[in-house]
Structure formats: structure tokens, C-alpha cells
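Just below is one structure, and these are the notes that go with it.
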Amino acid sequence: MSPFTMDSNLHQQLMTADQISNLLAKDRQYVWHPFTQMKDYEQRDHVLIQRAEGIFLYDAWGRKYYDTVSSWWCNVHGHGHPRIKEAIHKQLHAFDHIMFSGLTHAPGITLAERLVQLAPEGLHKVFYSDNGSTAVEVALKMSFQYWQQVGNTTKTKFIYLEGSYHGDTLGAVSVGGVEQYHALFKPLLFHGYKMPAPDLRAAGGHTLADEAIVAEQALAPVRELLQLEAEQIAGIIVEPMLMGAGGMIMTPAHYLTELRKLCSAHQIHLIADEVATGFGRTGTMFACEHAGISPDILCLSKGLTAGVMPLAATLCSDTIYAAFYDDYMTQKTFFHGHSFTGNPVACAVALASLEVFEEEAVLERIQLTIRALETALHGSGLAALPYVANIRQLGLVAAFDLYEDAQRKMPFPPEKRIGAAIYEAGFEEGLILRPLGDTIYYWLPHCATPEDVSDIVSRTLRVLNKVLG
Ligand SMILES: *Cc1c(COP(=O)(O)O)cnc(C)c1O
């Protein structure tokens, strides 16, 4: 049963047309939106959202949209889940934000315990921050400082993958591999080693052997680098199984299992950035589970609070923690923290979300949705479209690429901005689709039903038809 009440117009007081246009004029006057060329909105308006429930967002005109990207990959149980709302109320009633240094609180403590229980084996300590980028900054600094403190002072560099995305702060950008976002900032960044990504689109087929070939091709230069330079390298950071912002690149489990072995053999930290993949999105609680491996450091955010409050956590092994644990005067403190570290309301929400995972058997329930997605992708005629290629799926995430000629993999000229046209046309079909370039994807919330999925895919076909004929 869906925990959501049926769509009631009770709490939707529509704005007047004047109120809406006033707000949108002020949006243009005062607001600078993220990842947005604001000039694109010179003549056009942002969609003004007034209400959200379950998988749907409603704009100020009362129009309804499927949130097919889970509000930037964050939302988990649907918008306005009653258990989440209740947790916020309860925690606010007790106390709001407090400092998390020298003070502590039950939601932060209990959440840390739950995360340690749920996370891949061996991750026993939880360091909180407030967004995915900071979770990554914490991981990088932790790894760096660890090697300094155990006397391996030459281990100062990080390996990262082509097409990887770990956030927009400068440390995270230094290990980022998306040229479009990252190239300009090169002069500000620290140097690392960029390695190829095991992009499954390059596989000859869908067998484990095909996947292993792709994995081994990407591993070869890593093996070579580690043979020569392991003494310079602190860690390698990866987005396990699914590289999101780089273009929904899906990668083989074999890559992770082999990387785990390499990291252990060469004394390199394996840092898993599960900011996007964590909390069931790929069908398992954490993407690392597909490969049965444990990283040395794990970064979590986005879905941690069911996508409702900003919160992040960086988990690490006892070995790492132990290198910082000493008498104060030895100067081994981890001097890092954020004003909103371990925000109690956010921690309470995260705990409630984990309870919902259990109460609603979410990980079991989503298997049906995942199968429905597979059926819809392959049974809807999508694959037959002459401009569609590389249909791929992992759990609740699916993607495909648009080409002018899919068979010859000939891209559309970038000035056509096909992705942007799809985004616009999506609104008319009641979809929030937010392509990455010409890659169209779904990043579905766990509350999506099999019926939602087939409806979303049919609507997408109409959008594609409208834009591309
Ligand atoms: C979104 C994302 C981040 C950054 O998280 P923010 O909360 O946006 O700073 C880091 N890593 C991955 C894999 C992400 O998808």
C-alpha cells in the first residue's frame, strides 16, 4: 500500500496568475540557479513548483509532473512521506541545530550505529558533513592525513577515473573527470592520475566474460601505474558500478573486485563515492554489494536522508581511525568540520528513512519496479528508434543515448541542444526529464510503481517523437 493519501486539493491553494508572474520576475531578478546558463531563461520561465507528493511534483498552475530524476538523484521514498514529516516535527520539537563538537545527540549517535550495521563490512566510524562534495573532501583529507601520520609521507596523490564526478568543491573537482565542468579550473587543482573508466558501452556483449574484458582493459594502466608509483599514491576514488554525472556510465563488478585486490596489495585506499548510488538506487543497499567488496572509505549523501535534508557521512575503517587517535599534543586531530555537521533534524530524518526501508521492505518491493523498468525499456519500441542507442539499466537507474544516426554512432551537432529540447518537451508530457547532454536517463525514486514506470516510458516515447520525429 502506498503511504500517500490520494491526491487531495485541500492543501493546494493555487496562486493567481499575477502572483506567479511576480515570483518568476523576481526569480529572474535575484536568483542564480546551479548548473544553469541563466540567459537560457531570458524568455522562458523556470517551472515554479508549489507542491510535491510521492513521485509527483505540482507546479503553481496545478500541473503534475513525474519526478523521474528523483529531484537530482536524492529522493527515495517519494515526496512528503508521512514518516519523514513526522521525524522532522518530532526532532524540531526537541531541539533544532546544535554544534557537533564537544556536544552530541541521540539522532547522530543512533544513525552512526545504523550506518555501520548497514554499510559494507569493516567500515566502523562515521564522520558527518552536509553534502556529497564535503563527504568527498573529508575522504580525501582523511586518506592524505592517514598516510602522513603512519609515516608514509610520499603517499599524497589520488587516482580518479575519466568521466568521474565527485562534486563541485575544488578538492572534489581535482578528482573529477568531466572535462566540461572541470577543465577550466585546472590551475586551481591538485594533480592526480586520471585512469580510463570501464565503460560497459564498450563491451562486445552482455556476458560476464564481455564485462571482464572491459574491466581488464581499464585495469591494465592502473596495474602499471601502481607497479611504478604506488609509493606516491594515497588512494583511488571511484563511483562504484554507476558513474552518474559523467553520463550514466555503467561499469562491471569485476572492475571493483580486482581494484579491491590491487588496493590491498599496494597499500592504496579504495574510496567509494556512493553519494549517488547509496540507499538502494542500484537495487542493493549500496552499489559495492554488487561486487561484494568493502572500500576503506565510503562517501554517502543524497539518499541518506531520503533526499529530504542536506546531510552526508564519510565512513572509514578502524585502521584509518586508529592513525588519528592519540594524545592531543601528538597533533593527529582531524581538523575538519562544517557548521552544520551532523544536523540533528537531518539525522532524525535519515533514521526515519532507514526505518521506512525496513517497515515497507523497500529493497524487496523495488525489485518489481526494476523488472517493470527492464520490460518497459525493451518492450516499448524504444530500442527500435533510429536515434536511440546504448539502452542500459542498473536497478532504478536507466539511460540511453541519442544520436543523429544511432547505428553509426554519429552524434547530433551540439548546437542542436537535443537534450535541452527533450527537457522542455518533457514538461508538456508531465515529465521532469533532465538529460545529461544527449543522454536521457531515469533515476527513479523507490516509491515508483510498475504502473508509473510504464507510464513514464510511454510518455518519454511521445516526447522523443515530438522532438525527433
Ligand atoms: C552529486 C554527487 C556528488 C556531490 O554531491 P553534492 O551534494 O551535490 O555536493 C558527489 N559524488 C557523486 C557521485 C555525486 O553524484
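Note that Cβ sites are derived from N, Cα and C of the backbone, with glycine treated the same way.
The substrate binding site annotation in TrEMBL covers TRP72, TYR165, LYS302, GLY337, ARG434. Proximity of LYS302 (substrate binding site) to non-local residues of its own chain (separation of 6 or more, Cβ distance below 8 Å) is seen for TRP72, TRP73, CYS74, GLY132, VAL275, ALA276, GLY278, PHE279, given in sequence order.
Its Cβ taken as reference, HIS338 (pyridoxal 5'-phosphate binding site) is surrounded by 16 other Cβ atoms within 10 Å in the chains shown. In the three-state DSSP classification, HIS338 (pyridoxal 5'-phosphate binding site) falls within coil. Annotation source TrEMBL lists pyridoxal 5'-phosphate binding site at GLY132, SER133, ASP273, HIS338, SER339.
What TrEMBL lists as N6-(pyridoxal phosphate)lysine is LYS302.
Most Cβ neighbours within 10 Å, among the binding-site residues SER133, SER339: SER133 holds that distinction in the structure as shown. Summary for the binding-site residues TRP72, TYR165: the Cβ-based neighbour count within 10 Å is maximal at TYR165. Rounded to a whole number, the C-alpha distance linking SER339 (pyridoxal 5'-phosphate binding site) with TYR165 (substrate binding site) is 25 angstrom. Taking TYR165, GLY337, ARG434 as the binding-site residues under consideration, the smallest Cα distance to SER133 (pyridoxal 5'-phosphate binding site) is found for TYR165. Across the residues annotated as binding pyridoxal 5'-phosphate (GLY132, SER133, ASP273, HIS338, SER339), the two Cα atoms farthest apart lie 22 Å from each other.
GLY132, SER133, ASP273 are the binding-site residues among TRP72, GLY132, SER133, ASP273, GLY337 whose C-beta comes within less than 6 Å of an atom of ligand 1, given in sequence order.
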